[in-house]
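Among the features that TrEMBL reports, domain 'CopC' is placed at 16-111. The annotation domain 'Copper resistance protein D' is assigned in TrEMBL to 323-390. Residues or ranges marked as transmembrane segment in TrEMBL: 142-161, 182-204, 224-241, 253-271, 291-310, 331-350, 362-383, 435-453, 916-936.
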Amino acid sequence: MAFLILVIGVPSAYAHPFLLDSEPSQAVNVPIGTTQIITKYSEAIEIDFSELKVFDSNGNQIDNGDTAYYEGESSLVITTPPLEDGTYTVTSKVLSKVDGHLVRTAIIFSVGEAQIDVSLLEAQEESETTFLPEAAARFPGIVGQTVILGSAISAIAIWGTQRKHFGKENLTLINQTYHSKFSKITGAALVGVLVSNFVMLAVQTVRLETSPIDVIGTSFGTTWLTRMIITIILLGIWFWMERKPRLTSKKHVPMLGASLALIFTTTMFGHGTASELAAPMILDYVHNLLASVWIGGVIFFSFVILPTLAKLNWMEKEKTILAILPRYSGMVTIALGILIITGPTLLWFLESNVTSITNSTYGFLIFAKIFLALIMIGLGAYFQFKVQRPAVKNLGGTIGTGVFGFGEQHPDVSKEGFEPPTIEALASKKLVKPLKASVITGIILLGVVSLLVNSSLPAGEVQTAEAQSATFGFSSVLFSEQAKFDVSVLPVGVGPNTINVIVSTIDGKPLSDISGLKIKVSNPQRNISPIEIPTTKSNSGDDVTEFKGEATFGFAGIWQIEIEAQRTQAVNEGVIFDVLVKPTLSEIRTEITEYDFPEDESAPLYPLYDGNNTIWISDAAEPRIWKFTLDDKQFSSYEFFGLSTIFLDIDHDGKIWFTDTPNSKIGNFDPNTEKFEIIEIPPLTAKSPFSIPIALKVDFDNNIWVAVVDKDMLLVYNQDSKEFEEFLKLPTVESGPSALLLDDNGNMWFAESLSGKIGVVDSKTFEITEFAPDTSLDEPFALLFDKSGSLWISEHIGPGISKFNPILETFDHVKAPNPESLPFGMAIDKYDNIWFGQHVTDELGVYDPYNDQLIEVSIPTPESFTQFIAADDKGDIWFVEQRTKKLGVVSISGVSGQTRSITDGGSGPNFNYAEIVSPLIAGGIVVSSLFFVKSVNDKRRIDKMLG
């Protein structure tokens, strides 16, 4: 099972397209100048019937009316004019591509210094989680398809095996009666399916406020149309069967095949399809199939078999019923045994959080469904023990040995003293009321199923609550040698934080000898030694002891927490872990300052911070380097004989290296001597002595690596020998190497802008390895390592940035907010957010990889044409405005006292879904197997007894 789960994956299903995340999030503050809203949903949505609207505090719609897909079909984006101080409301109306449900929700956020009125959040209406009109519309169809499929299977598997037992004098009458009853029940069921189809279309038409033709044009409409075609085919089969004088087993096969296709359309509307994985869809289909075998079989037994046998004499009737009961029990037992597996497994795929299940409407419906199923199982047991066994005795059989044994004597009606049983004792009479009760229970159960299919899963219900509050914090289960620590830190922000700890044995039992708990907080990066914080002890029932402490994180960064459980009868147990304290993007404040270059005839391009309070800037228009000192905020320029400077880097001696790309040269500037050294790129091919060196990077040995974009080569220049010693040809033709970056191991990474790949050169062997996602990167043009060792790549025409995991060799893409932008250079700020220039738009992109948030910060001067950026030692971001000839800096700070909304799951017992369900499944399989064996033995003995 574990291997299977790993192979097929664990989905995230919500049954309807509920809001998972938004940018901005609910109840947050965003910077002035925000120009777009992004919403992400739990499943694919229909863009033609989905829309976002943005309203200001006066109720005026201020968006640009351009709702569009953002990243795939499960997210939307809408643009607005630059937002100013104030409170804004986003309304979302989306139509599911899976089940056709229309879901509405709203987001309230503020811009700038504006504060959100909490009453606005409290006044929001919750999204509809159970779609009652849709459930009512689909209920007749679910009952109808269950009856049709169950009747077709029972007719072949049960009734078809009994026809041979009827004498010629009874066969004609039996065939006529069976034909009539089968036609009536399946005809009524088909009418129910047909009516349900039209009502479903009508409900959807009203929901969408459009025409039926437009509804049929949606994904829901496609499935509905398929269902309608299958229904019409079934009607044709029904009329064909109606004209047949006798219904043999073979004549039921077409109806069986069409009804199997019909229930697949229900699966296409269901939760399994919403997961977008094959396994839940298969489980959902099998579950529907077996439920039809069970409930449809009961209805067939009650409304077809019993009325068909009504005109036989009591002996023939009893013998037939006795012969059918074990067969029917065996079929239902097999179905139940598989249902016991498919039901919990399907629910595990959809929602495995026990607390969410028990506290949700969906969970209530699940429990109601289980309760009704148990009633039907109890009635089935009644058939076996209170109907079947006395019927055997009435026919002359004697109870044999064993709990489930039957005698094997044939009933002798001519025997002296034999008296037929009373009418009340006949099995045919005893079955009537319990079977009707089973039918009613089964139909009610199908009503619950209809509600379940049209209800959101617990995770979807949670979204209606979580849409009103963002959730932050750290929560984890940590283990020492002999103990388990359930730890939560809330909210993990600058300022006061609450640390909750529950200590137990490895298997979750309370530790009885704990006398106290020590919690220490430190920050090794800032040389802050461990500080012990006071803790309080409380009991929360079931001998569970919880410890709580209040810690204050004075600033953002990585804080270390040490927890030690003090024991009286054993060695103390302890764990140590780190938490990253950082403000979210909505909690940072930015201030931009711009400095004008003193020369109009310049094209500043690439900034480089040298670690010594100086920013160096290249100039694409002139052969010079600019120097900007942070102390006095003054520019200086240094010129040389050449054409331009493009990319920059600094070597171990403090020299500034540059590429003079159009001149096919590289060079360096020594700030100490203020002298230039120019180095010509040697001829790399016989056709032309010129090449295009674009990027360069210094390695650990102070060698200079150069990316030659037009020759698919990397060159290595040795400063000691004054020679190019390595000429590395990349494996990919027309790769276009355009960026270089050194990792901690001294290996050189490069980006191939033309082929859409990245690669790395081993610094010792010079072996080259290339990497690419399934779909090539869209013009990768800059590289950046974060603190975790992940490699970030800017995709110039993606547009966006991508993260590459060098260990797992996986790629993850983050789409730029503006589809017109051209992401370029990147840098990391003091809070580990990734900033990137966007070339043709006047905004800097900012991505928080920890909270998966992305915003834009507007550049004050229009037409800035910012391509490359850099971070200084304070974590502030410097950028160059090439066309407006300015150098800008973004000063970044966190907002003190910013309130975070916290969702605390509580410290109650934590139930594991697998631990609860696994023994129930195992027990159910064992019980089902025993009853199946009993049914087989009953069948053999009754067949032998009846001769």
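Every residue, even glycine, has its Cβ placed from backbone N, Cα and C.
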Listed stretch, out of 142-161, 182-204, 291-310, 435-453, that has the most CB pairs under 8 angstroms to the transmembrane segment (253-271): 142-161
Contact call for the transmembrane segment (435-453) against the transmembrane segment (224-241), three or more Cβ pairs under 8 Å: no
Residues of the parent chain within Cβ reach of the transmembrane segment (182-204), under 8 Å, 6 or more residues beyond its termini: 100, 133-134, 136-148, 151, 155, 212, 215-216, 220-221, 224, 227-228, 231, 234-235, 238, 241-242, 247, 255, 262, 299-300, 303-304
Composition by DSSP (helix, strand, coil) of residues within the domain 'CopC' (16-111): 3 helix, 53 strand, 40 coil
Remote residues contacting the transmembrane segment (224-241) - C-beta distance under 8 A, at least 6 residues beyond either end: 100, 141, 148, 182-183, 186-187, 190, 193-194, 197, 200-201, 204, 215-216, 247, 251-252, 254-255, 258-259, 261-262, 265, 268
For the domain 'Copper resistance protein D' (323-390), the mean pLDDT of the predicted model: 73
